[in-house]
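The structure appears right after this line, and notes come after that.
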Amino acid sequence: MVTPRMLSALSAVLLLVLTASSSARSFDASPSATSGNHSLNKRSLFDPACTGIYDRQLLRKLGRLCDDCYNVFREPKVATGCRSNCYHNLIFLDCLEYLIPSHLQEEHMAAMQTVGK
C-alpha cells in the first residue's frame, strides 16, 4: 500500500530527476553545440603521432583492442602505453598476441601500418 509519505518522496525524486535531465539537455544545447561550430576537430580525439592514413574505422578497431587489453589487465600503463607511438610499441603487440586469434593478427598489424608512420 502506498502511503502519502511514500507518494511525497516519490514525487520529490521524480522532480529531481526531471530537473537534472532538463538542465543536462540545456547544457548540451549550448550555442556552439547546436550551431555546428565545434571547437574540436575530428582528429583531435586520436593520437597526433599517427601520421599515416586517417581511417576512423581502423583507429576505432585498434583503440578497441587497447581498451579490451586494459579491461583484462587493469593496469594504467596498458591503457596509455598501448596507444603510444601510434600503436607501434611492445604493449600493443603483447595485447594483440594475447587477445586476438593468430589468424586475425595480420589484419590488426596491417591496420597499425596504415594509420601509423
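Cβ from N, Cα, C; glycine included.
Per Swiss-Prot, the features are:
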type	residues	note
SIGNAL	1-24	signal peptide
DISULFID	C50-C86	disulfide bond
DISULFID	C66-C82	disulfide bond
DISULFID	C69-C95	disulfide bond
MOD_RES	V115	valine amide
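On the structure: features taken from Swiss-Prot.
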| residue | record | contacts (Cβ under 8 Å, 6+ apart) |
| --- | --- | --- |
| C66 | disulfide bond | V78, A79, C82, R83, Y87, F92, C95 |
| C69 | disulfide bond | V78, C82, I91, C95, Y98, L99 |
| V115 | valine amide | C50, G52, I53, Y54, D55, L58, L59, L62, C86, Y87 |
Mapped DSSP class for C66 (disulfide bond), helix or strand or coil: helix
For C82 (disulfide bond), the three-state class that DSSP assigns: coil
The one of C82, C86, C95 whose CB sees the fewest other CB atoms within 10 Å, among these disulfide-bonded residues: C86
Structural state of C50 (disulfide bond), classified by DSSP into three states: coil
